[in-house]
Amino acid sequence: MIDRAQVLHVARLARLDLTDEEVGTMSRELSAVLDHIEKIGELDLDDVPATSHVVDVVNALRPDEPLPSLPREQALANAPEVVDDGFGVPSPGAS
Amino acid sequence: MSAAYEPVIGLEIHVQLSTRTKMFCGCELSFGDPPNVHTCPVCLGLPGALPVVNARAIHYAVMVGMALGCELAPRSIFHRKNYFYPDLPKGYQISQYDIPICSGGRLGDVRIHRAHLEEDAAKLVHVGASGRIHGADASVVDYNRGGTPLVEIVTEPDVRSAAQAREWLTLLRTTLRQLGVSDVNMEEGSLRCDANVSIRPVGSDVLGTKTELKNMNSFRFLERGVEAEIARQIAIVEGGGEVVQETLHYDPVSGSISSLRSKEEAHDYRYFPEPDLVPVVLTDEMIAAAKAELPELPAQRAERYESELGLSADSARLLAFRSELGAYFEAALKADGDSPQALANWISGELVARIGDEDPARTKVSPAAIAKLVGLVRGKQVTQGAAKQVLDRLVADGGDPEAIVEAEGLGAIGGGDELAEIVKRALESDPSAVEKLKGGNMKAIGPIVGFVMRETKGRADGGEVNRLVREQLGL
Amino acid sequence: MAATDLIALSARDAAEQIRHGHLSAQELFEAYRERAAADAAAGEEGLNAYTWVAEQAPADAPSKEAPLGGVPLAVKDLFCTAGIPSQSGSKILAGYRPPYTAHVVEQLEAAGSTILGKTNQDEFAMGSSNENSAFGAARNPWDRTRVPGGSSGGSAAAVAAGLAPWALGTDTGGSIRQPAALCGIVGLKPTYGSVSRFGMIAFASSLDQAGPFARDVSDAALLYKHMVGRDRRDSTSLQHPQEIELPSGVDLKGVRLGVPKELTGEGVESGVREAFNATLALAEQLGATVETTHLPHAPHALSAYYLIAPAEASSNLARFDGVRYGLRAEADDLLEMYVKTRAEGFGPEVKRRIMLGTYALSSGYYDAYYGRAQKVRTKIAEDFQQAFERFDFIVTPTAPTVAFRLGEKTADPLEMYLQDFCTVPMSLAGIPAISIPNGLSDGLPVGFQIAGPAFSENRLLDAAYVLEQALGFDGTEVRR
């Protein structure tokens, strides 16, 4: 069960503006999905190691050798706002 | 500071590593270049780009761990630290969380909690009329710095004063410089220090509520900032208040401390293992390679100066904790190794007083010259006072101390008739002092010695003058 | 050669003819390009398989010596292609043209492939019907009122309908295999790590894997052969221990097939089950042994998957913030820019998964959700390891149903998630699995899934090939 207040908290963490209606739908749908998912709580997993990778690779390292960077025009080509050769953003303000 | 309270200080230091390229991509590190010329799909966080760990960053982190006496994790992993800010292109910082590459350790009198690898944020410049964060209209992001490899070193709360914090950070900086893993320049941001500060009643072992003082960008500001925060906390507690846990900013211009309002009401970084990277497992080769590159470190060097050269602990630290002084001292010692302590005193005292923070190797005073000068003093060929004049000349023009002594007529006036004659004149010129001396007031010898020194331009040996005065007055 | 004859050629035959000078790469490209462009121009009437189609054949045709000799390739939208729209089916990336090309696309181009177009998909590969695309749903060529499956629905529809000789897709929990099944073509999800992910717009990093769509197993093998390889830019990529061979074989003598009870019982609709059972009988006739087995943790795979994938996605999609590329909403301050940009740019399913993933990672819930899901993942991988001690392959239906109607499952997310029931366990274990056409049920294609141990692709392709030959599925009617 995930209530409206939790939905709003999570939406804030995820930087998603939800309409009032979406908050309600989200609460209902996520609760249903979590209900199903929570069945894994029944499993005894105490001594089981967690798997975060299925590949058995370690030390995939890169030599410290420079590679060409993007020309600035290309780096900025998709930017919604360019200011002084940089990526313009609204001020962080008092948020 | 009130004697009733004891400060408890822990430091968090971010060190930019001086690799050629960034932590996770091949863009070159830079400082002061035009904005956004050192970026690529990886460090811009473009869709589809993937990080790959820089081998040299691992190598440097292992060296740091060894220098700090840390335990090295045989297998360490990276995590994602998730939060939104424009200087963080992926919306997460790749860092280490529950398995840092280095843990435990000690440097000098401060224990190390952990040291881990992560990537630096980009530079966010606030533009607008006031130039301040609040009230600025827009901001501009420059991703050149984004992705620079960082080692974050966290100490245990073992520091007990602002001065100790400064001294210890100096030791850390020297250590890192010796290692050659960083430029350690606080003004340029390659060494950044935060301090966790709390106070407690003397004798208590309970930790008080701590505040975090952010980003003090010089040694002086670190000392002043911590000093100011200690004073602020004592004032709060003595006024019956309670210290609030918060992040603070020290303004070196006004000397004031202000609260940095949290960007996100509650921090919830949602750490989880970075699925785009695989574990780092330290091999014997990697450990051997790091060991092979470890130079003698300041703490070891101070220890050696004490045990092998018989220097006092203070002298040993003064020289060893500033690596360039230590190197200069050792060069001078090679020219004349007869009196290490005297040489140490001359270098860390008289020479430093004249050249300040400058590297002595870059001054006109050659190590051989200062060694020779100390030798002349030891052989009583030059008095302390005259030697200081010679040193003035060496600092100004360089040259050979013996030649300067010769040319300037600064050679010591030994026993013999010349000095006896001057002492005689001194006594004649000051009958009241003579009276006092005869009455047993030896303090009155000051003016007599002063007269002799003036007459001899400091070339007389103080002890010898003293002896002659007693002899001539029959004391 | 007439255009219809060109389209009838398998990709490998076309490459062969180009190599011998019997066919020009330009001509072949143009034949497919016209079909693809016509479909794109048809709008609602068409399959909406493409989100971008090349305007002309590449000026500098690949060398005739190149192993793929100029055979055109349809590429799922989420592969970055320099200067070509790469939008991952999302409004937040509408019009985005990246400055670089994905490793696997680069590698295929070097082998002689030419990019025909970018194919429609569910937004950020999240979906099983292609209805979550910001560029409209793609349709199933067998019945245009039905979905092609997802998330690589456009690629599957394009190959099935002869709008491309073959295509690239990606599979996170079934996104190649399920649409291949629903469209009656071959789809291979390779061993995790065998194909570089560099330049694939990520959904869930520890699960995403690129793979081929083709009309038959041999073409799938040929395309996959040129996709594999260790890439220094992807830390999780590995060198495939074997050279990938074109499949061969005439029977399944000595091949041991395990049929997991957990993935072949409840929830699989009857027509699909009948087709599955018929093929098991056929396999036995071909010499295979077929035995029921268990994957005890498989019933929990979907739960683990719907924690792990959204958690990784919530982080992977944090970069879409309106700062460096893509959509930006009008806003007065930074926070407003973030929340509005992301609210406007992401569709409902993506938002749902970001929310789910953020929740699963948030303070106080990590251990119960994400941490636990990773442990379930361990158990699932162990289940497979144990099964592969007794069996060469695990076989299941690919999807529990045939293609469903557009809109049929959009109201209930859980219902949609169940489409991945049979494919998700292999994704969690990182092992290869292939879906081959397994006849029709009510006139709609059914898929047969074969899964093997990590890096067993050569054996897997051989087994799939033998079954394919015996089944004799004919998909030409939708390629007219």
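Glycine residues also receive a Cβ, built from the backbone N, Cα and C atoms like all the rest.
Source: prediction; values computed, not measured.
So that you can see what the record holds, here are the features copied from TrEMBL:
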- C:48-461: domain 'Amidase' (DOMAIN)
- C:Lys76: active site, charge relay system (ACT_SITE)
- C:Ser151: active site, charge relay system (ACT_SITE)
- C:Ser175: active site, acyl-ester intermediate (ACT_SITE)
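Structural mapping of features recorded in TrEMBL.
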{"residue": "C:Lys76", "record": "active site, charge relay system", "CB count, 10 Å": "32"}
{"residue": "C:Ser151", "record": "active site, charge relay system", "CB count, 10 Å": "36"}
{"residue": "C:Ser175", "record": "active site, acyl-ester intermediate", "CB count, 10 Å": "36"}
Cα distance (Å, whole number) from C:Ser151 (active site, charge relay system) to the residue listed as 'active site, acyl-ester intermediate': 5
Cα distance (Å, whole number) from C:Lys76 (active site, charge relay system) to C:Ser151 (active site, charge relay system): 10
Taken over the domain 'Amidase' (C:48-461), the model's mean pLDDT: 97
Secondary-structure category, per DSSP, in which C:Lys76 (active site, charge relay system) falls: strand
